[in-house]
Amino acid sequence: MPVERKKPTLDLTASATPDTSNASIEQSSEQVTISLASSGAKATILLHGATIISWTAHGREQLWLSTSSALDGSKAVRGGIPLVFPVFGPPPPETPVASLPQHGFARTSKWSLLGRAEDDAGITVDFGLGSESLSQDVREKWGYDFNLMYSVKLTDDTLETKLVVQNVETDKNFDFNVLFHTYLRIPNVDNVSVHGLKDLTYRDKTLGNSTHSETGDTIKINGQTDRVYIDAPDEVVVQDDGKPIFTVTKVGLKDVVVWNPYDAAEQIGDWEPKEGYKNMICIEAGSVAAFQTLEAGFAWEGGVVHKAHL
Ligand SMILES: O=P(O)(O)OC[C@H]1O[C@@H](O)[C@H](O)[C@@H](O)[C@@H]1O
């Protein structure tokens, strides 16, 4: 199928392929929804943060989203798939990212819709964010010239995300972290286990970032969990009662974060319902344990394939 690249101001719905197409796109000034008629798969992406706020596959919602999350651009979305760039967590002092907010600015900036493409498997939409469209405040905190291109591809049972980071400086390198902060919707956290992280070293953020070795074949969530698994294999499987419900496959990314706030969700202002932690697990693929350096004039790319089994 042809690839269309359009200026952000153009209406991609108007130029959509005829009604007979399997794929369709609807857009407003705030969000884009893509869908596939054959399976009913659907995804909605806010221009705010290019945050995926909903993904339907197999007739059910696959992402967790707080019912009290701001969706109007006033703060980062609590749920879905926010994008973390160029720093993960609280910025380390005395680094070029030191003045940025936790998890950086990608999730709180307004992105542009760049274009769409279709193939036999599904539909892809591309979003862009460049240094020239950042707020003055963010520019003052992180002054590098860059372009980000984020592609979201929907197939019948997968949601595929890919980020390209371009350093468009002529002679300045920059360091960055990147992470796809996916909140997966699960039936019941008590029955869920995470597979694929055995024998890895992880940093436990609930224990002062101390380093541990994962001995279990599977990880169960019995309390507040916030771990960075370093140099993880590319595939992590989430099971419910022993049956796979999600496979998360990372491409070009090093680490996997497993996060569930458990009853500490009580202290998270935009977390509703408070017991919602029972129906979510964050499996976040990224490169976060260390900064990576992007040289002037170079580009980096990485992404995640989320496959829903049910
Ligand atoms: O509240 P935020 O900024 O969205 O962060 C949520 C969580 O994001 C996770 O990625 C971090 O590992 C946690 O430490 C953090 O609490």
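Glycine is no exception: its Cβ is also placed from the backbone N, Cα and C atoms.
Residues or ranges marked as region 'Disordered' in TrEMBL: 1-26.
According to TrEMBL, the compositional bias 'Polar residues' annotation covers 12-26.
Secondary structure at ARG107 (substrate binding site), as computed by DSSP, is helix. Annotation for ARG107 (substrate binding site): spatial neighbours GLY49, THR51, ALA76, VAL77, PRO82, LEU83, VAL84, HIS181, criterion Cβ-Cβ under 8 Å with sequence separation of six or more. Annotation source TrEMBL lists substrate binding site at ARG78, GLN102, ARG107.
What TrEMBL lists as active site is HIS181 (among others). In three-state terms derived from DSSP, HIS181 (active site) belongs to neither a helical nor a strand segment and is classed as coil.
Positions annotated as active site by TrEMBL: GLU284 (among others). Proximity of GLU284 (active site) to non-local residues of its own chain (separation of 6 or more, Cβ distance below 8 Å) is seen for VAL84, LEU179, PHE180, HIS181, THR182, VAL256, VAL257, VAL258, TRP259, given in sequence order. Under the three-state DSSP scheme, GLU284 (active site) falls in the strand class.
Same-chain residues that are not part of ARG78, GLN102, ARG107 yet have a Cβ within 8 Å of the Cβ center of the substrate site turn out to be LYS75, ALA76, VAL77, PRO82, VAL84, HIS103, THR108, HIS181.
Proximity to ligand 1 (Cβ under 6 Å from any of its atoms) holds for these binding-site residues out of ARG78, GLN102, ARG107: GLN102. Once the Cα atoms of ARG78, GLN102, ARG107, the listed binders of substrate, are compared pairwise, the greatest separation found is 14 Å. Taking the Cβ of ARG78 (substrate binding site) as centre and 10 Å as the limit, one finds 22 other Cβ atoms among all the protein chains shown. Figure note: comparing Cβ neighbours within 10 Å for the recorded positions GLN102, HIS181, the maximum is reached by HIS181.
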